[in-house]
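Per Swiss-Prot, the features are as follows:
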- 60-67, 125-129, 179-182: GTP binding site (BINDING)
- 51-232: domain 'tr-type G' (DOMAIN)
- 1-31: transit peptide (TRANSIT)
Amino acid sequence: MTLRRFSYTFQARILRGLQARPVFVLPSRSHSTKARPVVDIADAAEHIPTVNIRNWAIISHIDHGKSTLSDRILELTGVIEKSSGKQRVLDKLSVEQRRGITVKAQTCSMIYEYNDEQYLLNLIDTPGHVDFSSEVTHSLAACEGCILLVDATRGIQAQTVSNFYLAFARNLVIIPVLNKIDLPTAEPEKVLAQLEEVFELDRKEALLVSSKTGKNVPELIDAIIQRVPHPICDENASLKCVLIDSWFNTHRGVIGLVRILDGKLVAGAAIYSVNTHRKYVVNEVGFMHPNPVEAQVLLAGQVGYVNWNMKNSAEAILGDTFTQVGHVVKAMPGFEKQQPKVYVNAFPLVRSDYDSLSDSIDRLALNDRSIFVEKDTSDTLGIGWRLGFLGSLHLSVFLDRLKDEYKHEVLVTAPTVPYRITWKDGMTSMVSNPSNFPDARTAYAQVEEPMALVTLVFPREYVGPVMNLCESCRGTQQKCSFLSTARCVLEYLLPMSRLMDGFFDQLKSCTHGYGSLEYEDAGFAPSDIVKLSYLVNGMPIDALCTILHRSSVLRTARASLQRLKSLIPRQLYEVALQAMCEKHIIARETISAARKNVTAKCYGGDVTRKMKLLKNQREGKKRMKQFGNVSIDQGVFYDFLMKS
């Protein structure tokens, strides 16, 4: 299969308008001398010329060994000590260590001696999951080259292709590297053939390494120095730097990670944003090594952090250009903001925690600019937020980080996607909050749901189960091809709502962990979408409302009512739980009344005494049912929404 047959969709998505050109890495030169690591990076970097700077990233599909390879490189450059343990130094977040995945791009500057010259190597370790593709995009903006890492046991997978074309579109030098060659299941020859067939990369330029044992990693560092070009910049020009990442420090405020395009950045300098015109005084600059190391200056071509007295996280706009006060430079294009694909409502478990929780959410959003944050309110749960994410894993990681880093837990409603509604008067609007979705079909002319063009890569023996999975999710097959004799590529048009509803886990299950996917927005398509509401004793509970396809309404309603019935405690009167769709009750569960024995103290006497007590009890329960409100504890909502 040729490049055009397999990757034409990716070319159309990412390279539209670019001229086709072959991608070949530069030829290798002489082998290096033994590395002599330098400890004081701040002092050494100040004397390294621009021609000896290399800015590069590692890109790959998830679980292909990026973080482990980074550890071996850090060991060889003297940044960390050699260890037989599993370190994953650049995976700094506890959620990354716990899950074993990279969710946040991390930078590390290193000094390496090659042919008796010192080189400054700036490494960026990027995530491999599709939900964090924006991190890859921002990272590549600071690089001149990248390592395309491919698992020799699995071959090219969906995100391998997507990340390749992100680097290709930026005209970066791409070094193909096969990892895990020490495993008995490795098939390097087959994977090399895939690299030639899919990407038109010269197999002779590929390097075979083992990030676990460190085999051929020194040769890889040499190849980076030989093949990745140095930054093109003017050291004597006015300062010009671009913000590529930011995070919040409790004591220092907003810290930025910048790439110096021209000139130099020193502590004490007065700078301003070319876009917002806000001014800042630089308190400190330095390198990530991988922890912050203070330096006197950041020179042209270098990547480092800056502490600049920025207190408001909203002022740190990724892609923003900065220069010295009194100078004028042309602003860089900036980064295109990705639109959220899944939304949830979030509320504090304890309402008094709202202010501190709001600060924590803002600080996390500063570190991950793909998160959408908007204040929202609920009649049931009070004031909260409307949050948007790039996928279900993105949402899950956000909640974990909120708990790990800020000790906060939130009550999160069922995820929804944005729907496009055409009203009777011809006007259209986007609705992602179930509370804003119309109850009756007569209120609107048409509802359209977002679609995703999904590319799935998996072993060919799982074609049947994968096709059945896609069909059960209302998918429409677009293409079917074979990457090789052993790997199949399916392209399906799927509703975004089904893709976000555990589809990736189901794919992994039916392919025994060997399936992968990549997707892109495919516009909107008309669909039979309705709102499902829940009532307790006739009172609507807005926090439980959801939007879904009509085919799933009855099944979802019955299952939800049964779960809700098991969570709400019994009252002294009968409680009706109902599910309503388009103003019609479609399902019901009843919580029977808790019986109190009012005749317990009647040990004898006239039977009419007992009858009178029972009659009074029935009338009292009738009044309670008519006028009483069921008070639902916050924990009931938490248990219900977490299990759903």
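Yeah, the Cβs are placed from backbone N, Cα and C, and that goes for glycine too.
In this structure, the binding-site residues under consideration are Lys66, His129, and the one with the smallest number of other Cβ atoms within 10 Å of its Cβ is His129. Secondary structure from DSSP puts Lys66 (GTP binding site) in a helix. Here Ile181 (GTP binding site) comes close to Ala152, Pro188, Leu208, Val209, Ser210, Lys215: these same-chain residues lie at least six apart in sequence, with C-beta atoms under 8 angstroms from its C-beta. Taking Cβ-Cβ distances under 8 Å and a sequence separation of 6 or more, the neighbours of Asp63 (GTP binding site) in its chain are Gly100, Ile101, Gly128, Asp151. Ser60 (GTP binding site) falls within a strand when secondary structure is assigned with DSSP. Sequence-distant contacts (6 or more apart, same chain, Cβ under 8 Å) of Ser60 (GTP binding site) comprise Lys66, Gly128, Leu148, Leu149, Val150, Asp151, Gln159, Thr160, Asn163, Asn179. According to DSSP, Thr126 (GTP binding site) is assigned to coil rather than to any helix or strand.
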